[in-house]
Amino acid sequence: VDPIGLFLIRPQDGEVTVGGNITFTAKVAGESLLKKPSVKWFKGKWMDLGSKVGQHLQLHDSYDRNNKVYTFEMEIIEANMTFAGGYRCEVSTKDKFDSSNFNLTVNGKMNSCHLLCSCLLFFSPLYGGEFNFSSLLKKRGEAKCESQSDVDVWEILRKAPPSEYEKIAFQYGITDLRGMLKRLKRIKKEEKKSTAFLKKLDPAYQVDKGQKIKLMVEVANPDADVKWLKNGQEIQVSGRYIFEAVGNKRILTINHCSLADDAAYECVVGEEKSFTELFVKEPPILITHPLEDQMVMVGERVEFECEVSEEGATVKWEKDGIELTREETFKYRFKKDGKKQYLIINESTKEDSGHYTVKTNGGVSVAELIVQEKKLEVYQSIADLTVKARDQAVFKCEVSDENVKGIWLKNGKEVVPDERIKISHIGRIHKLTIEDVTPDDEADYSFIPQGFAYNLSAKLQFLEPPKIHLDCLGQSPDTIVVVAGNKLRLDVPISGDPTPTVIWQKVNKLLFESEGRVRVEMHEDHCVFIIEGAEKEDEGVYRVIVKNPVGEDKADITVKVIDVPDPPEAPKISNIGEDYCTVQWQPPKYDGGQPVLGYILERKKKKSYRWMRLNFDLLKELTYEAKRMIEGVVYEMRIYAVNSIGMSRPSPASQPFMPIAPPSEPTHFTVEDVSDNTVTLKWRPPERIGAGGLDGYIVEYCKDGSTEWIPALPGLTERTSALIKDLVTGDKLHFRIKAINLAGESGAAIIKEPVTVQEILQRPKIWLPRHLRQTLVKKVGETINIVIPFQGKPRPKIIWMKDGQTLDSKDVGIRNSNTDTILFIRKAELHHSGAYEITLQIENMTDKVAITIQIIDKPGPPQNIKLVDVWGFNAALEWTPPQDDGNAQILGYTVQKADKKAMEWYTVFDHYRRTNCVVSDLIMGNEYFFRVFSENLCGLSETAATTKNPAYIQKTDLSNSLKVFLHRIEFSILLSAKSGCVHSTPCGVRNQYPHWITMMMNSD
C-alpha cells in the first residue's frame, strides 16, 4: 500500500517469452475520490498506449464497490522482442497526480544478427537513412570524465547527424532516445507570430535531476491570465510548482526536478499556446568497483566483472578500443545483475588476449587478459626461509622447461644482483642467493617465469627481537578515539622469532580477561584489544608489552572515549517582553570529549507536548533572543548541546514564563484639587494594558530641587484618583504616576510644573445642567434626583429654598459634597411643585440659581355633560372642563358611545379638543349612552362623565327637510392664517339621507 500516492498496488516489473501474454495491474483507492480517476499507460516516456489498443494490446478497468477500489489492467498479447522496455502508468484526479514506472523483459531465441536488424528497424525511421555500423565499431580513445553541467543536449542533438544519435544518448544518459527525437522534431517546426506573447518559451530546456528550473514567458497584456500545462494536463500549485506574475512576465518554477518532470510543457493565453520541452538529466553512471586483470589458459572461461552506481545501467565494452557486440557465435556474452555488469568469454583463444575496457557516461575501467598456449610444470617451488643474522639465504626452484627464463622480485620489485646478492640459471634450476642476511633482507620473494601465469613466492623471515607494529591510519600513533557505545577492536600486529609473549596492562593493572566487556584475545601474529560498548571510564593509557628470548618491546596506547555532550542545565529566561524574551544557558559540564559546535533551542506551550525548534543553524553564543511568541501564553524552553558526535539529550525545561509587556503610562494626569495640606490627583488608565492586566498604580512625589522620589500612597492603588494627605503647607512638589503589572512598571506620567501645597480661593459658581433650565415635569409617584455640580473653595455653604421658604429636610432629601449638591424625593407629590432656589456662599461671595418643578397627575372627569339634541342618525353633546386638571393642561377629550342593549363602549373621538361634539352614524331604533374622559400629559382621567338619559334614534321618513346650521365660524382665524397653512371651519348638517354641501368664498 502506498501511504503517500494514489496507488494501492503499483504495476510491477514483468518478464515474458516471445509469443506469450502478460498482464500488468494497478489498483487505486476510490474511497476519497468523487469520481473515477483518469489513467493513462505509456511506453517509454511519451508513447501513449491508449491509441495502440488492438490485436496485441488490451486495456481493462473495473470497480469493487464493496472495497471501493478501482482496478486498471494492461494486457499484452503475443509479445515480441520490440515490446521490451520501460513503461509508465499515470493516474490523475481533480487535484492529485501519481505515476509508476515498470519494465518488461521479453526473452526469446534471437541471434546477434536478428537483434541488430531489430535495432536497425527500430531506429532507422528516426535517423532518416541507413544504419551506420562503422559508428558502432570505430576505435575510441581514452574516455575522460568531464563536467557536463553546461552542455546543452538539445543543441547537440539538433546539430548532430543521425549516425551520432546513439553515441550522444549513451554519453548524456538519455534513456528514451526515440521519444526525445520526436520531441526534437516537433521543436524544429517554425511557429507563427504571436499576438498574445511578447516572448515565448525557448524550444527546449534541460536541468539536472534534483535541481530547480524556471520557465518564463512575456505576455502582451499584463492583466492576462495564463495556464501552465504538462503533457496536456493543467498544473496545480504545490510545493514543487510555483506560479509568479511580475508585470508582463509569467514564471513557472519547478523545484527538485525528477524524471517525472521530463515532459512537454505549454503556456496558454486565451487561444494561443507556447510550447517547450524539458529534459531532466540523470547523474552520470560511476564505476564503483573496477575490472581486474586475468590470466587463463586457452579454452578456459573468462569472466570480467565490474560494479556501477546504478542498477540496470547501460555500459559499453571494448577490446583494444573496439566496441564489442554479440556476434553470431555468441563469443561475447553480456550480463547484468543489479549494479554488477559482466563480460563473459566461454572459450578463450590466444586472440582474446588484450586490454578490455568498460565505459559508462561517468567513468572508465581497463583490465588485461593474458591467454597462454601451454602449461608450465613446477617440479620444485621456492620455500620460506628463516635465517639468523650474517647467515646465507638460498631460494631455489625447478621448472619443466630449461629454456624458460624468469625474474626474481622482492616485495613486488625486481631484484638487482650485486656483490651480496647472486642470481643463477642452470638448466631447469633457478637460484637466488643472499649472503650476510640483514633485517632489510626480510621480505616476500617471488620467481615469475616469463610468458606463463605463474608466481612462485616465498618469505624470508629474519630472526629478530619482538616488535609491535602499530598503524593508526594517520592518527597520532599512540591515541585511539572511540565513540561512546561503539565497539573498539584494536588489532596490534606483533613480530618476533620465537613468537613473543604479550602482556596488556592499564595503570599497572594486568588485563588477562578473555571474556567480558573489556578483554584481550591472543593470536599467533597479533593480539586484539576489545572494548564492547565503550564508556567514559574506559579512557586511559593502555600498555602492551611483547617479550621473547631475543628481547622486549612495548607501546603505550591512549584510548579516548568521545560522546555526545551532557545535557546543559535548564536555561534561564530574562528580559521578557510583549512577544520576545532572552534565553541564557551555560555550557554542559562534559562536552563529550569534543568541542561543542553549537546549541539547538526548542520551545513549547506549557499545556502542549509538541516542542518546536527555534533555530536551524547552530547557535554559537550562550544567549538567544526568542521572538514571535503570543502575549499571555505560558511557554517553556529547553536546550540541546551539539558536538561532532551528535546532539545531547535535552536539558530540563526552563521555568514557565509568559511573554507580557508593561502597560503604557497613565494618561491625562492632572491636579484636581489643592488644600493647605492635601493634593487631589486624577488620571485615566493607560492606552495599552496588554495580557498582563493591570495590578494598580504607584504615585510618587518629589520636592522641587530634589531628586528623591517618595511614595505618596502605601502600596498600589487601583483607583484613577488619589488624595495625598499630610503635606506641608507651602511646599512645591512634583508628582508622577506609573502603571504596574506582572511585567513591571510602565513609563512615568509626570506633571510638568511643581504644585504648591496651599489652599486656593475660588469664587462659588453653580453649573446648572441644561435640562434643568426649563421646568422639570414629573408625574406623581416618580422619583426625583437632581444633581447640581458647582465649584468654589473653600467648600461653600449650600442653602435650598422653595417658594421663598426654607426647604423642609423631612419632606425631601438633600446631600452635599465638595463638588455637587443633590435634591432627592423618593415619591413625588403635587405639593412638591414649585420654584426651588439654591444659594452658594463663600464669605461674602454668593451664587444663586432657580429650578421650577412641576408635579402632575391624571385629571378629573369632565363636568355637566348633557345630551343637547338628537336628529336623524346624529346626537349633539356638550360638557364643561374638569374641576381638577391634575396640575397640567387639558390636552383633549375621548368620547365613547354604547348601545343600551349591549353596553359595550366604542370610542367615537379621541384627543378631541372642544367641549361639544356631534356623534353621527347612529342606528335607527337604538338607544345610546355617551361618556367623555378628560386627558392631560399623565393620560386619561380615572373616571368619565356619562349622560344620564339615553339618546333614542327615531325612525323617520324621506320627507324630512334639510337643516343646516353653523357652529362658531371664526373668521378671525381665517384672516390670520399664513400662506400654506391649513385652517378648518366647522359646521353641522342635520339630515338622515345623502346630501350635498357647496362651499363659497367672497360670495362667489
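A Cβ is built for glycine as well, from the same backbone N, Cα and C atoms used for every other residue.
Keep in mind the model is a prediction, meaning the values are calculated, not measured.
Now, the feature entries from TrEMBL:
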type	residues	note
DOMAIN	3-105	domain 'Ig-like'
DOMAIN	192-269	domain 'Ig-like'
DOMAIN	283-377	domain 'Ig-like'
DOMAIN	466-558	domain 'Ig-like'
DOMAIN	567-663	domain 'Fibronectin type-III'
DOMAIN	665-760	domain 'Fibronectin type-III'
DOMAIN	861-956	domain 'Fibronectin type-III'
With helix taken as DSSP H, G or I, strand as E or B and everything else coil, how many residues of the domain 'Ig-like' (192-269) land in each class? 3 helix, 39 strand, 36 coil
Per DSSP, what is the helix/strand/coil residue tally across the domain 'Fibronectin type-III' (861-956)? 0 helix, 52 strand, 44 coil
Model confidence for the domain 'Ig-like' (3-105), as mean pLDDT, reads 84
Grouping DSSP H, G, I as helix and E, B as strand, the residues of the domain 'Fibronectin type-III' (665-760) number 0 helix, 45 strand, 51 coil
